[in-house]
Amino acid sequence: MKHCFYNETVGFFYNNSRKELTTYWRTKDVLVVALGLTVSVIVLLTNLLVITAIVINRRFHYPIYYLLGNLAAADLFAGIAYMFLMFHTGPRTAELSLKTWFIRQSLLDTSLTASVVNLLAIAVERHQTVFTMQLHSKMSNQRVMILIFCIWVTALLLGLIPSYGWHCLCALEKCSSMAPLYSRSYLTFWAISNLVIFLIMVVVYTHIFIYVKRKMTRMSKHTSFHPRYKETMISLVKTVTIILSAFVICWTPGQVVLLLDGLGCKSCNVLAVEKYVLLLAEINSLINAIVYSYRDNEMRSTFRRILCFICYRNSRYTPTVVKLNTTDRRTLSQNGHFTVDSSI
């Protein structure tokens, strides 16, 4: 019969995993917390701005923008989770109860998982609209809400599993080095799951990238196609490149480090880089808001209205401008030219 250590302290498990647990604030601890809080605040403000813009502008009430809003909500949650971590790290870690420690880690796992799964959902939605030559997906609002619900259920399940059994409190030899109360098998599962999602995203966006390039090559041979089409395609290629680059840079190091720890690599000094790879993954929550929102002209205009409310309180989008935009889109559709949002 296994003996469990539910009544032990956090320090007991850190000593078991040979992870350093300081009792005083070191210079690097202060720097990590200061940098982490700064990133968290920026993540909170930028994603809150995105959510507000999507809520107040009716022109964003389409499936892709609902997914973008949900991504912003997930990244907003990630900012809160990371801020909670910053207030409960360093010397304060030793003062945590086992329950508080699990809450700290579950918040991070849930928020980061929700962000990644949202990115996958957006990639699949964009793939569908690009290859069916639609401006917006025909997915109903009900299906979008169901999809968003499934995203959060998945994130919660993956984030809460360790707290409800997939830990090492009853098997000290299976404890992780980076997360001393987690089982190494869970870290392996979590890392592989995210890497699989990452691989699917790479395949989807690469397919979009290749399709767009081929489409541009074929269309460049004809002088009759609308100039807006080429502009939109170039914007799409740039956005796809940024998305893939940001995702690779921010997520790959952390997933590799988690996988090495989960596999029990003795020669890998994962503890030396754990805080930095986690911060890098958190920065992706900031980049998401910029890539998926700031590159959209309409979104930028809405941002300006929100940030400069006093200056713009008497101004509105004139009916003429809206009418012209609507007519322009309809003309493009009738001429057989396909326009997509620059936010993809």
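We number each residue from 1, going along the chain as drawn.
Placement of Cβ uses the backbone N, Cα and C atoms for every residue, glycine included.
All TrEMBL annotations are machine predictions without curation.
For reference, TrEMBL has these:
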type	residues	note
DOMAIN	46-292	domain 'G-protein coupled receptors family 1 profile'
TRANSMEM	30-57	transmembrane segment
TRANSMEM	64-87	transmembrane segment
TRANSMEM	107-124	transmembrane segment
TRANSMEM	144-166	transmembrane segment
TRANSMEM	186-212	transmembrane segment
TRANSMEM	233-256	transmembrane segment
TRANSMEM	276-294	transmembrane segment
Positions on the same chain near the transmembrane segment (30-57), where near means CB under 8 A and six or more residues out: 65-66, 68-69, 72-73, 75-76, 78-80, 82-83, 85-86, 89-90, 275, 279, 282-283, 285-286, 288-290, 292-293, 298-299, 302-303, 306-307
Highest-contact recorded stretch vs the transmembrane segment (186-212), from 64-87, 107-124, 144-166, 276-294, CB pairs under 8 Å: 107-124
Same-chain residues near the transmembrane segment (64-87), Cβ under 8 Å, at least 6 residues beyond its ends: 33, 36-37, 39-41, 43-44, 47-48, 50-51, 54-55, 104, 107-108, 110-112, 114-115, 118-119, 121-122, 125-126, 129, 136-137, 141, 144-145, 147-148, 151, 155, 278, 282, 285-286, 288-289, 292-293, 341, 343-344
Local confidence of the domain 'G-protein coupled receptors family 1 profile' (46-292) - pLDDT mean: 85
